[in-house]
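Participant: Straight out of TrEMBL:
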type	residues	note
TRANSMEM	6-22	transmembrane segment
COMPBIAS	26-37	compositional bias 'Polar residues'
REGION	26-47	region 'Disordered'
DOMAIN	79-352	domain 'Membrane insertase YidC N-terminal'
TRANSMEM	337-357	transmembrane segment
TRANSMEM	363-387	transmembrane segment
DOMAIN	367-569	domain 'Membrane insertase YidC/Oxa/ALB C-terminal'
TRANSMEM	427-457	transmembrane segment
TRANSMEM	489-512	transmembrane segment
TRANSMEM	533-549	transmembrane segment
Amino acid sequence: MDRNTIIGVVLIALVLIGFSIINKPDPTSQQTTPRTENTIEEGTPQSTDLITASSVAAAVEEASTSMFASAQEENEKKVVLKNANVALTFSSRGGKLEQAQLLKYEAQEKAPLLLFTAEDASFNLPLRTVSGKVVDTKDLNFTPIQLSDTTLVMRLAVDSLAHLDFRYTLYKEDYRLGFTIEGENLDRLFPRNLRFLDLEIMQKLRRQEKSWKNENQYSSIYYKLLSDDVEHLSDKSVVSEDVKEHLHWIAFKNKYFATVWIADRSNPFEATQMNQKTLEENGNYTKECEVTTSIPFSSDNGVKASFTLYMGPLEHHALKAYDKGVAKEQRMNLDHLVYVGGSVFRWINVTLIMPLVDFLAKYISNWGIIILLLTLIIKTVLFPLTFKSYVSQAKMRVLKPQVQQINEKYAGNDQQMMMKRSQETMALYRAAGASPMSGCLPMLLQMPFLISLYMFFPTAIALRGESFLWAEDLSTYDAILTWSFDIPILSGLMGNHLSLFCLLWAVTNILYSQYTMGQNAVGDNQQMKMMKWMPYIMSIMFFFMFNSNSSGLCYYYFVSTLITIIQFVASRLMINEEKVLAKLEENKKKPRKKSGFMARLEEAQRLQQQQMRAQQKKK
């Protein structure tokens, strides 16, 4: 070795020896420290011990403050974790996930679908130090440590021994991200009684679809209670809610996509406050959502707070699959983020409609054809009920001349004559075996299916981006005419566009109503004359209500109305009204037992007539 090297080695050795002597522990202090800890925990203070504890706290606070200051000065670094489904961008500033892109979906105008970015989402842990000072992690720089293509650790180092880690693990071929908060030797920085971490989460729900109004209708904060109920905030423009119950997950949801924070059932979210605000109409966002909650945590080594983040599409079967093989009380029920109605309507959609759609989709790729076949199958299955209502309508038509005779026989507008007309008419129906209600009941039995499909189509993500005929996207409206200016009242009802499938449905509905009204018996009284206008009014109302809705839904209703017209015409050809009348006349000759409904109706009429006579006697 040369002279300089020898001198350097000697100097280093002297420095190390001197450092060891200076920092040699005092035997007295080694004995005192345990007593100090025991004294603090037992609550029996000693003056010298308190001074020592205060000095240590001050030193730790000074060290933590300097660490936070240096962390704020570092340059921001970004790391990307990616699989076939998502590309996630993490920032060293706050150690947070700042952007999520869904790779298999596109936003409007074929743009990349960003679930959130650094500009419209934030995550923060307000850390409280031993001195009571609060430091926000969102203002600090973490050190990224990428362990693999799917695992990343964001580390906030206090010193060479203590650190706070955010560990992220991206699932393969999935939309889920594991997120764990853990620390090492944090008891010197945080209070010993630390039992919870506060989480502050904010996300603006980005507008992903063409219709702001329609998407906003399905956008909200959803959450699942640990007791298994899934709820959401109301649709008010500004709403706040404090939830005291433990929560399994919290979701920031729009129409077809969601960001879901899922806690372990053993360490659920607690003391949650939610704030939601509807943003400017037709802007880039629908709602701004803020959540403040707590999660069990301790500064002791080995203690972790774990979450799972789901950032992806609201596809019912995929979400349902996460609960496969899981006990009922342990299920996440993420599939409830896909709104397909409640109770009966949800059961019809999940049990009947979805399996049928899945079966058709196995063999057919065009969703326009799938909807057509689905409509044909449903109308065919329900046709026996429909035909029964048509037979009932035929009975009412052939009995109309006899009803008119009764009206002429008991003409007059006084209560006694009106009551007599009603009694004689009901007696005619009972003797002939006809009932005004028999035509309504079969139609009412079909209503759950019609309402269920109304719930199903607007939230079916499979329709998103699927084209048919002139409709470029069956999940939104098919505008054939648009205008840039607002029309008072109309623009608020239907938007600044004209949907062709919605228009076709409204027109066919009016034609069907006009045809059926001409064929069926309509009473001569003023009330019945007013009722004949109701189908026309309803058709116009539906046009304004559905003009901004899913073109797939309007297409279904249009096809369904066409099939209904065909069934009605076919039924008129199948039903021989002369034979129906002959059958009714034959029924009159037979003794008939009153039905429960007819008996109750006649009893009510009899009591009403008695009351009228009693009132007339008093006069």
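Each Cβ is built from the backbone N, Cα and C atoms, and glycine gets one as well.
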Participant: Should anything in the same chain at least six residues away from the transmembrane segment (427-457) have a Cβ under 8 Å from its Cβ atoms, list it; otherwise answer none.
Facilitator: 339-341, 344-346, 348-349, 353-354, 378, 382, 385-386, 388-390, 392-393, 395-396, 399, 402-403, 406, 463, 550, 552-553, 556, 583-585, 587-588, 592, 594-595, 597-598
Participant: Would you kindly list the residues that approach the transmembrane segment (337-357) from elsewhere in its chain, counting only those six or more residues past its ends and only Cβ-Cβ distances under 8 Å?
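Facilitator: Same-chain contacts beyond the ends: 218, 222, 230, 251, 253, 258, 260, 314-317, 319, 370, 374, 377, 448-449, 451-453, 455-456, 459-460, 462.
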Participant: In terms of Cβ proximity under 8 Å, which residues at least six beyond the ends of the transmembrane segment (489-512) contact it?
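Facilitator: For the transmembrane segment (489-512), the far contacts come to 211, 213, 470-471, 477-483, 535-536, 538-540, 542-549, 551, 554-555, 557-558, 561-562, 564-565, 568.
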Participant: Within the domain 'Membrane insertase YidC/Oxa/ALB C-terminal' (367-569) only, compute the mean pLDDT.
Facilitator: 83
